[in-house]
Amino acid sequence: MNFDQKGLKKRSITVAYFFENIQKRFDIKFRPLNEVDGQKRRIHERDLHRPGLAITGFTKLFTYKRVQILGNTETRYLNHLSPEQRRSAFAEFVKFRMPCIILTSNNKLDQELIDMATSAGIPVFITRCSSTKTIYHITDFLDEEFSLYQQYHGSMIDVYGVGVLLTGKSGLGKSEIALDLVERGHGLVADDVVVVKRKGETKTLVASRNNIIDHFMEIRGLGVVDVRANFGIRAIRDSREVQVVVELLEWSREVEYERLGLDQKTVKLLGVDLPLAQLPIFPGKNITVIIEVVALNFLLKRYAGYVPAEALTERIRNVINKDRAEAPVPTIISEEYDDENE
């Protein structure tokens, strides 16, 4: 399995996509104030901008390519101007090709200003949420949309609440193992194609399914299986953090495999180091149970700081030290003493 793949990143999203999807993911509602085709405006940056200085006329450092947030300060400044000054200030503002304008806290703009934005092809939205909450949700949404991502061939399963990414060469039985784990009560996130995203600048990787494949699985000799239809809603997950990577390997006599687990292997996905368990496959080996133990060992180490291999090593060391301490000291008889006795 080639883990060393560079992450991909979206270059932009349309305003129409933004407006439709942010309301599905977060507890925030937007209402359009004009009829502008959101497909023709694109958002290229994850950062937002509050254009206080730009509205006053200082536009030298105006980051107009970002989503523009007009809160209490900006709207009250415009409202305190005379009608002529207000039209002039807003006309200069909408000359820039910005993605869209969002009014927070139900702040209002004169219809004349809305019409100016419409003429410039700029969508205008309004929300009841405060500027702080609006900025928080939009930033979170854009962070996710512009995050690094990559697609991996494998299966993603929620095992005891631990996100396990199951990888390996084609034909080793990844889907069959994932199906067995589902039958044992665990949850399937994705099979065959796993989409992994790095959340913003954090070290959190989140896996989700391909929207086309959804929760279908292909089992050799059987065909396509609908996991949701067969096992119910409890058997599927929309997404899960990737916490452990399990790589299935073809068993070989010439390879020396890990036996104690003292040296924890890691693998780098999208710049994040994750624990790696490499499991050799041969007939009769119960990989499903082993993966469950991998997940349980991860939980033991994370929440209790307990590593079985280290505990066993410490126990053996204590026994050896104890035996050495209790062993009798050997008596040394000198050669002179032996000569005198003779």
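Note that Cβ sites are derived from N, Cα and C of the backbone, with glycine treated the same way.
What TrEMBL says about a protein is an automatic prediction, not a curated fact.
Annotation source TrEMBL lists domain 'HPr(Ser) kinase/phosphorylase N-terminal' at 22-142. Feature annotation from TrEMBL assigns domain 'HPr kinase/phosphorylase C-terminal' to 145-315. As annotated by TrEMBL, active site applies to HIS153, LYS174, ARG259. Under the heading ATP binding site, TrEMBL lists GLY168, LYS169, SER170, GLY171, LEU172, GLY173, LYS174, SER175. Feature annotation from TrEMBL assigns Mg(2+) binding site to SER175, GLU218. Taken from TrEMBL, the feature active site, proton acceptor covers ASP192. As annotated by TrEMBL, region 'Important for the catalytic mechanism of dephosphorylation' applies to 280-285.
Here the features listed in TrEMBL are painted onto the structure.
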residue	record	DSSP (3 states)
HIS153	active site	strand
GLY168	ATP binding site	strand
GLY173	ATP binding site	coil
ASP192	active site, proton acceptor	strand
GLU218	Mg(2+) binding site	strand
Q. Going by C-alpha positions, which of the recorded positions (GLY168, LYS169, ASP192, GLU218) is nearest HIS153 (active site)?
A. ASP192
Q: Compute the C-alpha separation of GLY171 (ATP binding site) from the residue listed as 'active site, proton acceptor', stating it in Å without decimals.
A: 11
Q) Between GLU218 (Mg(2+) binding site) and LEU172 (ATP binding site), what is the CA-CA distance rounded to a whole number of Å? A) 13
Q) Rounded to a whole number, how many Å is the Cα of LYS174 (ATP binding site) away from the Cα of the residue listed as 'active site, proton acceptor'? A) 9
(Q) Checking the contact step here: among the binding-site residues GLY168, LYS169, GLY173, SER175, which have a Cα within 10 Å of the Cα of ASP192 (active site, proton acceptor)? (A) SER175
Q) Beyond GLY168, LYS169, SER170, GLY171, LEU172, GLY173, LYS174, SER175, what residues of that chain have CB atoms within 8 A of the centre of the ATP site's CB atoms? A) LEU248
Q) Using DSSP, how many residues in the domain 'HPr(Ser) kinase/phosphorylase N-terminal' (22-142) fall into helix, strand and coil? A) 53 helix, 16 strand, 52 coil
Q) Of HIS153, LYS174, which of the recorded positions has the most Cβ neighbours inside 10 Å? A) LYS174
Q) Taking every protein chain shown into account, which of the binding-site residues GLY168, GLY171, GLY173 has the largest tally of Cβ atoms within 10 Å of its Cβ? A) GLY168
Q: Return the single residue from the recorded positions list (ASP192, GLU218) that has the minimum number of other CB atoms within 10 Å.
A: GLU218
Q. When a 10 Å sphere is centred on the Cβ of LEU172 (ATP binding site), how many other Cβ atoms does it contain?
A. 18
Q.
Cβ neighbours within 10 Å, counted over all protein chains: which one of the binding-site residues SER170, SER175 has the most?
A. SER175
Q | Around the Cβ of LYS169 (ATP binding site), the count of other Cβ atoms that are within 10 Å | A | 13
